[in-house]
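*Asks:* Pasting in a structure now, in structure tokens, and then I'll have a few things to ask.
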Amino acid sequence: MSHATTAPHETHHDAHYPGGIMRWLTTTNHKDIGSMYLTFALIMFFVGGAMILAVRAELFQPGLQLMQPEFFNQLIGIHALVMIFAALMPAATGFANWQIPLMIGAPDMALPRINNWGFWLLPPAAILLTLPFLLAVFGIGDGALNTGWTMYAPLSVQGGIGVDFAIFSIHILGISSILGSINVIVTIFNLRAPGMTMMKLPIFCWGWLITAFLLIATIPVLAGAVTMLLTDRHFGTHFFNAAGGGDPILFQHLFWFFGHPEVYILLLPVWGLMPHVLATFSRKPMYGYKAQVYSFIAIGLLSVVVWAHHFFTAGLPVPALLYFMYSTMAISLPLAVLFFCWIATMWKGAMSFETPMLFAQGFIIMFGVAGLTGLVLADVAADAQYHHSYFVIAHFHYALFAGGIMGVMTGVYYWLPKWTGYMYDEKLGKLHFWLTVISFNLTFMPQFFLGLAGMPRRIPDYALQFTEFNAISTVGAMILGFSQLIFAWNIWKCARGHANGLAPAEGRAWEGATGLEWELSSPPPHHSWEVQPDLRQPGA
Amino acid sequence: MSLHPTPYAFDEAELARRRSASRRMAWLIGLAAALIYIGGFFLQR
Amino acid sequence: METVPSLPPSPPNHRKLIGKLLAAVAAAFAFGFALVPLYDVLCAATGFNGKTEIKRDGFGVGGFSTRQDGAAPPSRIDRSRTVTVEFTGTVMPGLSWDMRPLTFNLEVHPGEMHQVMYLVRNTSDRPITGQAVPSVSPGKAAQHFDKVDCFCFSQQLLAPGESKELPLTFIVKPEMDSDIRHVTLSYAFFNAVKDKTALNNRE
């Protein structure tokens with residue numbers, strides 16, 4: 001492998017760490033913490049997935065077969081919160097922990113103890129979120145949050161203890177996200193290798209940097225909104241209570257001031273890793289680095305001024321509708337720049353189609369569907385019909401499953417050889433990809449048509465004419481859900497690569513890969529870059 | 001940003017074949033997209 | 001755990017940056033709360049959201065009372081157009097009342113003063129205090145819908161089983177855009193008891 005990389009006391013360091021569970025409780029190593037984030041995300045991905053499979057099973061046929069509407073309402077809301085806050089966001093933070101120090105030539109994250117705390121806040125938060133399900137079994141309270149993940153007042157002001165549990169869970173998750181963001185920003189600003197200017201920063205780090213700033217700007221607003229909700233519920237305030245002079249619509253403004261940037265918080269790390277993957281498997285340098293960085297910044301800025309497009313039908317005045325429509329549509333311009341850069345990166349490339357590249361292709365096409373249907377929803381006149389329909393559900397699952405989760409899978413397959421030191425099973429990876437992409441479209445494509453035909457979201461029962469497409473969607477969802485077991489098995493197999501007889505990965509696991517992280521051995525030494533690489537002398 | 005040149009597993013002939021294949025594929029997809037777009041004008045509602 | 005020589009000790013520029021970022025977090029948190037009064041100001045100023053707080057600019061019956069001698073100001077009634085005002089009302093969960101407008105709609109000339117009645121009845125067996133919250137749509141009309149006197153200005157107490165006719169006196173001001181032909185006034189009647197149990201016992 002490479003010259004500057006081999007840590008002189010590599011094996012020697014491990015001896016100083018406590019073994020067993022204490023190793024994981026007390027670790028401050030960015031790779032250990034990254035692995036914990038990713039493992040936690042994978043577990044919660046299955047928890048959230050199990051919830052929605054129950055929902056899809058209920059929706060297989062019209063009528064109430066499996067559950068009462070109250071329980072149905074709890075499942076859909078907690079599914080969303082688990083997937084967003086406990087699966088996608090921790091997965092992205094896991095990527096940041098593993099990759100940012102490797103990519104910028106740093107020995108570790110800048111704030112290792114904060115890093116450890118940031119992770120260990122997550123399991124209690126996840127337990128708080130889901131505990132009311134269990135409490136209800138024992139007759140305490142009436143179950144988990146039953147308002148949908150948006151927690152709109154006045155419904156959430158009236159809800160049961162599940163709302164309080166969700167509020168506290170969101171507080172803790174928010175603190176964890178902010179700690180993670182501060183860590184990422186400090187690391188990127190202060191620990192870059194000498195000679196790595198901001199415009200030489202790997203684009204994954206740029207994506208994460210914008211995400212971190214968005215988190216710092218918007219998570220506190222959400223924390224404020226749910227705090228107001230809490231005081232409205234228990235301390236006699238009237239922020240959202242019209243009888244006391246408050247305004248329920250205010251909650252929607254506060255929530256979506258956070259909620260819309262949240263979409264880009266989830267997607268920017270994925271947009272950041274995508275050019276690396278495309279460049280690697282096209283065996284070409286990425287196209288339009290600067291254009292992509294500027295697009296990230298533009299999207300980050302625009303994302304905080306478009307929030308009201310989530311409630312066009314709430315009775316906003318026409319000038320406000322027009323402003324939010326045009327500003328929302330304006331986001332498609334920098335996003336189109338990204339799409340064209342991705343395509344141009346592949347143009348005339350010597351492409352090969354390993355699993356990460358397959359996922360990247362699937363990502364581009366299906367995230368394109370998400371973007372185009374988003375433009376339809378951004379149209380005020382059209383949105384009056386599509387609002388709160390299955391069209392919206394299909395749209396944001398194309399954005400957050402095909403865009404977010406399949407993007408994360410791209411990253412996992414791309415970096416797994418680097419993390420574990422073994423090549424994952426390519427056959428299983430390809431099987432996982434094809435099952436995922438086919439069943440995903442089987443699940444969500446019919447939902448566009450259900451929405452156009454007028455089926456509202458968040459209902460446990462529906463009119464008879466929607467039966468066939470719902471049945472198709474449920475079959476797709478079942479295949480999609482169970483296909484993910486292949487993913488988990490593949491990761492497990494790769495993590496224990498030696499026992500499974502997998503081929504060891506080289507430092508540069510992919511022949512077309514470029515960047516500092518590939519200069520290190522696979523897996524990287526315990527302290528990633530003990531001697532920072534010096535980029536001021538190219539070729540050193 | 002590579003610190004040293006990467007050794008390619010594909011030989012030059014294979015790389016060239018893949019480059020031209022990807023270019024051909026791009027033109028095909030572009031052509032299909034253009035046809036769908038133009039075809040849209042002839043759709044009767 | 002031994003210290004690795006090349007691991008840089010937390011340099012002071014870490015602390016400075018962390019301080020700035022924490023300040024940004026605090027500012028964002030404060031901004032969330034600042035949005036509450038900002039939102040009210042915006043709604044009051046523009047009529048967004050149908051809020052009907054309007055400027056008391058001295059507009060009275062027939063026009064602006066600009067004369068010092070107290071004589072009636074010249075008529076400002078715009079007889080060239082009519083506006084249909086629709087009345088509606090909802091009783092919110094937690095209030096055991098019936099409510100309906102006795103006049104469902106009214107054709108008015110802008111500038112005229114009219115009075116309409118709402119009938120409310122306490123259907124429970126205990127006295128209840130209610131508070132009506134008005135909303136005018138379209139929002140553009142809210143600024144020009146002047147409630148001279150309204151039962152929504154104060155809380156209403158109804159004895160068990162009692163019925164009451166509640167009056168509303170209003171003027172649609174002539175400044176209202178002439179392209180608005182319909183105005184809807186909607187009341188939401190809430191239980192005014194400031195007690196969370198009233199809200200929680202909604203069923």
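Glycine is no exception: its Cβ is also placed from the backbone N, Cα and C atoms.
Any TrEMBL annotation is an automated prediction that lacks curation.
Copying in the features that TrEMBL gives for the protein in this structure:
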type: DOMAIN; residues: A:24-536; note: domain 'Cytochrome oxidase subunit I profile'
type: TRANSMEM; residues: A:36-55; note: transmembrane segment
type: TRANSMEM; residues: A:75-98; note: transmembrane segment
type: TRANSMEM; residues: A:119-145; note: transmembrane segment
type: TRANSMEM; residues: A:165-191; note: transmembrane segment
type: TRANSMEM; residues: A:203-230; note: transmembrane segment
type: TRANSMEM; residues: A:293-312; note: transmembrane segment
type: TRANSMEM; residues: A:324-345; note: transmembrane segment
type: TRANSMEM; residues: A:357-378; note: transmembrane segment
type: TRANSMEM; residues: A:390-416; note: transmembrane segment
type: TRANSMEM; residues: A:428-449; note: transmembrane segment
type: TRANSMEM; residues: A:469-492; note: transmembrane segment
*Asks:* Sequence-remote contacts (6 or more beyond its ends) of the transmembrane segment (A:357-378), Cβ cut-off under 8 Å?
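*Replies:* Sequence-distant neighbours of the transmembrane segment (A:357-378): 270, 274, 277-278, 280-281, 309, 325, 328-329, 332, 335, 339, 342-343, 351, 386, 391-392, 394-396, 398-399, 402-403, 406-407, 409-410, 413, 430, 433, 436-437, 440-441, 448.
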*Asks:* Residues sitting near the transmembrane segment (A:469-492): Cβ under 8 Å, six or more positions beyond its termini, same chain?
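*Replies:* Sequence-distant neighbours of the transmembrane segment (A:469-492): 42, 45-46, 49-50, 52-53, 56-57, 59-62, 409, 412, 416, 424-425, 428-429, 431-432, 435-436, 438-444, 446-447, 449-450, 462.
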*Asks:* Is the transmembrane segment (A:75-98) close to the transmembrane segment (A:165-191), in the sense of at least 3 CB pairs under 8 angstroms with a sequence gap of 6 or more?
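*Replies:* Taking Cβ pairs at least 6 residues apart, the transmembrane segment (A:75-98) and the transmembrane segment (A:165-191) are in contact, with 3 or more under 8 Å.
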*Asks:* Of the stretches A:36-55, A:75-98, A:119-145, A:390-416, which racks up the most C-beta pairs under 8 Å with the transmembrane segment (A:203-230)?
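*Replies:* Counting Cβ pairs under 8 Å, the winner is A:75-98.
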*Asks:* I'd like to know the mean pLDDT over the domain 'Cytochrome oxidase subunit I profile' (A:24-536).
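*Replies:* For the domain 'Cytochrome oxidase subunit I profile' (A:24-536), the model's average pLDDT rounds to 94.
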